[in-house]
């Protein structure tokens, strides 16, 4: 039987594993919430470490916390930030809606680790108490939403933005490489007027640049922190100036520019800032879905599809059809986008549940937002590295489809009129003849004028 030690809380004593830093409230949560396997996301755990370190430093600065105790709390909290204590955060997302159990998990782990650093006895709560010292000037009600904002901002800046830039650059390379390849455009999935393959890829690249702009705009409110509102937004038990000092400390720790929220009542009860930001993630997912679909459809074949693009062959595609290779990176990215669309609904419903002074769907908001950031980041890097970088144009197929298209007739419309041009296209389609043959047979245009007007290279920009 594994060794245990006895920890206590207001409900009395309880045994916890001797080699774990968590205490009584974490252990009770493990026993009371045996629901699923979705652990609290590690970026959120690390953000709680930031909260506890920043609170300790601010309490020291304001003369509330003994500097000796505060400094060792900061050391233990830094270990949480660095991921050294990840194994000591076992709780699932499905717990109290305020995130109190996870906040106490952080308080207990940091308390016991700090006691250990001072040579004391774990579980004694002496000389560092999880509530009185680690949680000083705080409530779960302001600490947990603050951690959500910190984790969201840090993950976005350090993970999502680099991944988005990586894919954008990969598309830009192809845009330049394909700039002189003229192909048939398509609207409503039907033939339209010509574009260059580079122009098509420029649309993908620009979509991601606009997505980055929307993300940056919506992230601005995420940099506003609830800390200092304590239980209901009034700031009870937090000293004057704690909120501003705390935000400055978080900025110093993370290297990002955080500020205290001007209205703590809104910050505790509403999660509009995070919902709005996830809306930008949702929009990015929609763009990625479109890009992935376009590329896999343009690469369909190899003998019976559009076949304008050759996609990298990364792995066998079928357990029954020998030699089959599938557009797996595009499929993975569209599944990620689908998950993000679902997360958007979950975050929307959760953010609407701010009853009176507190929203009590905080953990599920954190889980879905951070999952979306992680999945989008990973899939963009994977799609860039294993798909986009290896895309090659099938120029012969592109030329064949361009020359067969009846929509080149659009170039004749200014000269012979829309109705006449439409009749020529319909006749060619009905008879299985070429556009050129029917145009000349109509007597409406000479061979010389047809060859002058119907030139794909003159149809890809204003003339």
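Cβ atoms are placed via backbone N, Cα and C, with glycine included.
For reference, Swiss-Prot has these:
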- 98-100, 129-132, 139-141, 187, 319, 324-326: substrate binding site (BINDING)
- 188: active site, proton donor/acceptor (ACT_SITE)
- 318: active site (ACT_SITE)
- 331: site 'Important for catalytic activity' (SITE)
Top Cα neighbour of residue 188 (active site, proton donor/acceptor) in the set of binding-site residues 98, 132, 324, 326: 326
Residues that sit under 8 angstroms from residue 100 (substrate binding site) by C-beta distance, when 6+ apart in the chain: 140, 144
Sparsest-packed among the binding-site residues, when each Cβ's other Cβ atoms within 10 Å are tallied, from 187, 326: 187
Among 188, 324, the one of these recorded positions whose Cβ has the fewest neighbouring Cβ atoms within 10 Å: 188
Fewest-neighbour residue among recorded positions, criterion Cβ within 10 Å, set 98, 140, 318: 318
Rounded to the nearest Å - Cα separation of residue 331 (site 'Important for catalytic activity') and residue 318 (active site): 14
Neighbour tally for residue 132 (substrate binding site), based on other Cβ positions within 10 Å of its Cβ: 13
Cβ contacts of residue 130 (substrate binding site) (under 8 Å, same chain, 6 or more positions away): 23, 104, 107, 108, 110, 111
Listed binding-site residues among 98, 132, 187, 324 whose Cα sits within 10 Å of residue 318 (active site): 324
CB contacts for residue 331 (site 'Important for catalytic activity') [other CB atoms within 10 A, all chains]: 12
For residue 132 (substrate binding site), the three-state class that DSSP assigns: helix
